[in-house]
Amino acid sequence: MTMSSAFGQTYFIAVFAPWLKADLALSDGGFGTLYSLGTIASACVLMWGGKIADRFRIRGLAVLALLALAAMCMGMSQVRSPWLLLPILFGLRLFGQGAMGHLALTGVGRWYIKRRGRMMSLAVLGFPVSEAFMPATAVALMAAIGWRQTWLVGAFVLCAVSVPLTLALLRREPRHDHTETGGEAEGTGQKQWTRGEVLRRPEFFAALVAVVAPSFVMTGIFFHQAYLVDDKGWTLSWFAGWFPVYASVSVVTALSTGWLIDRFGSIRLLPFFLLPMAGAVTVLALSASPWSVPVFMALGALTNGGASTLLGALWAELFGTRHLGAIRSVAFAAQVIASALAPGLMGVLLDLGAPLALQYLAMVAYALAAAACLGVLMPRLRRLARF
């Protein structure tokens, strides 16, 4: 499921940006704005509908989402108008980035208690694995058969591979029975928060502003990678060719973070996970050397890999598992909205002539401020987890 989310992720869609902008006569700002609108709309739907993961089995919901994602891929292969591109981007973001990740991590967060960190680290491996080969594969397929046909291949893979695998692997899915999931958490004495109770806690929103930083920063950079490589004098194939480094480091970090979560808890790790990303973006902002790309990928992956596991476990550790789907849908929607704002905002700033390096340095300042905020907030979050 996490691997299948790639068709709705920015790192995959972004490699099609030059062809989409050329065929549909879109500027950087125009394409970024459409992408942001579609993503924000998908986040609103996810925030409202994400709670169904608490009521229905993950297996059936995942299959429906995969089929819808395949339909969006087919639609992308036929798009001829910017106004048709908007609903297709909405569907790709909702069923790809949104539903796939939300369903997978909600299920794991509910099914496992004592080994939640390690199991979460295994579940999120699909993200870096797809990051490793999907962009480069898309570039190769576009060179061979064209960008529209590449999306048709994606629809075929989802129907012929992802759907059967999901049905097979989740055939023994634990039922949404709180005697097996929420009941275990209750046995530890942890309060089972409702979404309404969580939304009345200022600590939740303060943490949310900080934890969405990777979604905003990395999405903005990857979405405008075509502009970046042109500005630096590199090639798109050089930049995309280093995604395996990004994925490899993400895998190692995700697994290591899972072990650390089981040993120390996710709250103690929060103030540190944004620091490597701040270093990565600083390198990208200040260096014109093509070898800054692997450095950026490696440092960025330390945050990305850690965040996937860390944020997957955090909400269950803080608020329990009974209403995890409803709570995670709000947090996940916030991450989606953050990922929506970056492409449009950066695109408009580029159209206005704002240097890319200056935008990157502003992102560094945001990441460092967010890390400091989490450090200050940590004692209050630990008190919440002990309710």
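Numbering starts at 1 and runs along the chain as displayed.
Each Cβ is built from the backbone N, Cα and C atoms, and glycine gets one as well.
According to TrEMBL, the feature domain 'Major facilitator superfamily (MFS) profile' maps to 1-382.
As annotated by TrEMBL, transmembrane segment applies to 32-49 (among others).
Cβ atoms under 8 Å from those of the transmembrane segment (61-79) belong to residues 1, 4, 7-8, 20, 24, 52-53, 85, 87-88, 91-92, 94-96, 99-100, 103-104, 148-152, 154-155, 158-159, 162-163, 166-167, 170 of the same chain, restricted to positions at least 6 beyond its ends. Sequence annotations record features per position, and here TrEMBL assigns transmembrane segment to 61-79 (among others).
Per TrEMBL, the feature transmembrane segment maps to 85-108 (among others).
Under the heading transmembrane segment, TrEMBL lists 120-145 (among others). Long-range contacts of the transmembrane segment (120-145) within its own chain (CB-CB distance under 8 A, at least 6 residues past either end) are made by residues 1-6, 9, 11-12, 14-16, 19, 101, 104-105, 108-109, 112, 153, 236-237, 240-241, 243-244, 246-248, 250-251, 254-259, 261, 301, 304-305, 308-309, 312-313.
What TrEMBL lists as transmembrane segment is 151-170 (among others). Remote same-chain residues near the transmembrane segment (151-170) are listed as 1, 3-4, 7, 58-59, 62-63, 66-67, 69-71, 73-74, 76-77, 141, 145 (criterion: CB distance under 8 Å, separation of at least six residues from the stretch ends).
Residues 10-11, 13-15, 17-18, 28, 32, 35, 198, 236, 239-240, 270, 274, 277, 281, 284, 300, 303-304, 307, 311, 314, 331, 334-339, 341-343, 345-347, 350, 356, 359-360, 363, 366-367, 370-371, 373-374, 377, 381 of the same chain lie 6+ residues outside the transmembrane segment (204-227) yet bring a C-beta within less than 8 angstroms of a C-beta in it. Marked as transmembrane segment by TrEMBL: 204-227 (among others).
Per TrEMBL, transmembrane segment is recorded for 239-262 (among others).
Residues or ranges marked as transmembrane segment by TrEMBL: 269-289 (among others). With a cut-off of 8 Å between Cβ atoms, the residues of this chain six or more beyond the transmembrane segment (269-289) that come close are 207, 210-211, 213-214, 217-218, 221, 228, 232-233, 257, 260-261, 295-300, 302-304, 306-307, 310, 314, 356-357, 360-361, 363-364, 367-368, 370-372, 374-375, 377-378, 381.
What TrEMBL lists as transmembrane segment is 295-318 (among others). Within its own chain, the transmembrane segment (295-318) is flanked in space by residues 105, 108-110, 116-117, 120-121, 123-124, 127-128, 185, 193, 211, 214, 218, 242-243, 245-254, 257-258, 261, 265-267, 269-270, 273-277, 279-281, 283-284, 324, 327-328, 331, 335, 381, 384-385, which lie at least six positions past its ends and keep a Cβ under 8 Å from the stretch.
For 330-350 (among others), the entry in TrEMBL reads transmembrane segment.
If you look up TrEMBL, you'll see 356-377 (among others) marked as transmembrane segment.
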Cβ-Cβ under 8 Å with the transmembrane segment (356-377): same-chain residues at least 6 beyond its ends: 203, 206-207, 209-211, 213, 216-217, 220-221, 224, 227-228, 231, 270-272, 274-275, 277-278, 281-282, 284-286, 346, 349-350
